[in-house]
Amino acid sequence: MGADNELSEFEKQRLANIAERDALLKKLTLDAQSAGLFPPKSARSSPGGLTKPKKKPAPKKVKKEDEDLVPRRMSSRLRGLAADSEVAKRKADEQYEAAQQAERAKRVRKSDAFSFSEMLVSGQKLSGDSLIGVDVVTKGVAMPYQRTFGDDDIKKTTDKELKALREEMSGLRLWEAWEPNRIKLTPERIYTMTFHPSEAKPLIFAGDKMGNLGVLDASQEKPISAVKQEDDEDAEDDDPDPVLTTLKPHTRTISSMHVHPSKPTHLYSASYDSSIRELDLEKTTSVEKYAPESTSDDIPISGIDMAPDDPNTLYWTTLDGAFGRYDTRASRRSAVATWQLSEKKIGGFSLFPTHPHFFATASLDRTMRLWDIRKLSHDEPVPVGEHVSRLSVSHAAFNSAGQIATSSYDDTLKIYDFGSKGIAAWKPGHTLSDAEMKPDTIVRHNCQTGRWVTILRPQWQANPQSPIQRFCIGNMNRFVDVYSSSGDQLAQLGGDGITAVPAVAVFHRSTNWIAGGTASGKICLWM
């Protein structure tokens, strides 16, 4: 009996599939007939006694006064070409190649110097004077708005200095002038951000995946008329957005940016279009400072850094695993030095600020490596030491105390303290064993960003106003986390209006300002 029922259900499903197929074929036939692709077949009596469908009247032609002169697409049949003819194939190949060339042209870097008007995408005109001023979670699962650190953790803190810093950092509040979902700084996903070093006002730069550069002066205030009307629902459309400026100095992703503290009128930006450009904030012009000799050379740059005591030398890494150095005062051919440090991409790197001949790299090959430029061979470069993680390492950030913070896809933040190991006194050729390269602190942190969220990277505050070093990093639960160099969490910054993960988190170098950028090009600012 059970077998008969099974057969009956199967038969019902088979008949349903046949009926669905017939209905689809009938619809396609009617659509083709109405489009005039072929005449309707002669009517045949149907088993169900259905009446013959009436032929739709041909639409009346309306004579146009002025015919459009735009070229119209025509099929091979109308052009008299056989479907499989060599002419048709050649024509299709030519069209495909033309489309590919147009797409490649969009991505080729532009080596020219740009004026403000040539870079401007949207927003107000930049003025140099006004711009610069006178002066742990479940692995791989994001739980939006669920806190992992809060007031209770602060109350339980017994160390007075740590408790005071936790209260200070947790006391930062979102910029009140506009909600984060109103501050769209770039058209596409934010990949990198930085603050201008000025303490007079928060000036924020953000680079996105298409080469756009957004500029926000967060000292601006909402117009008085808008403040008065904010309770009036009818006046909601009249509430102005913040004043922003969007430029386009690059043709591909802006991967990293840097403002040297002794050269505050210049912003350096590195890009996947293989170039490093210098934006003069006073003249509002952009010039190329470094790029391969040929525009056809595709060497995407993944990071940029500069030594605090040298405003003229650029350091960078590439997605091909190379490390480069260039003194901008010398001729390009003689001054550029490169080393191949990894077979896979270097996702992030940084110099040791007080001893910049040391630098750290994070790679897709799962390593964090420490290097010494004084003892770096071009043929077979050997690191001071390396530590291998279970999965790829996204970034390695050095602070002024000789500590390195890394983020990794094994859902950890690792902190390495080389300052306590005497890094400042190491001679050229000094090496570390595997045991000496082990991290001093490991913090659980969800780093599973997926495809649409920018990779999480730790960033230290360059000159903190207390002895405790601290860094910030995005949190997949739509917060920005702040940690000390010992791995203690200092704050978990959030607020209303944050509708996406502020994955790109940055500290101001000396003031407790923190900004976070999202995949929609919007930013959050805590002060």
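Heads up, the Cβ atoms here are built off N, Cα and C, so glycines get one too.
Swiss-Prot has this to say about the protein:
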COMPBIAS  52-62  compositional bias 'Basic residues'
REGION    35-90  region 'Disordered'
REGION    284-303  region 'Disordered'
REPEAT    185-226  repeat 'WD 1'
REPEAT    249-289  repeat 'WD 2'
REPEAT    296-336  repeat 'WD 3'
REPEAT    341-381  repeat 'WD 4'
REPEAT    388-427  repeat 'WD 5'
REPEAT    450-493  repeat 'WD 6'
REPEAT    496-527  repeat 'WD 7'
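Helix first, then strand, then coil: DSSP counts for the repeat 'WD 6' (450-493) stand at 0 helix, 19 strand, 25 coil. Of the candidate ranges 185-226, 249-289, 296-336, 388-427, 185-226 contributes the most Cβ pairs within a distance under 8 Å of the repeat 'WD 7' (496-527).
Computed over the repeat 'WD 6' (450-493), the whole-number mean pLDDT of the model equals 95. Distant neighbours of the repeat 'WD 6' (450-493): 137, 142-150, 153, 161-162, 165-166, 169-170, 172, 189-191, 347-348, 353, 394-395, 397-401, 403, 405-407, 413, 415, 417, 441-443, 499-510, 512, 514, 516-517, 519, 524, 526; these residues of the same chain sit at least 6 beyond its ends, with a Cβ under 8 Å from one of its Cβ atoms. Note on the region 'Disordered' (284-303): DSSP counts are 0 helix, 9 strand, 11 coil. Per DSSP, the repeat 'WD 1' (185-226) is made up of 3 helix, 17 strand, 22 coil.
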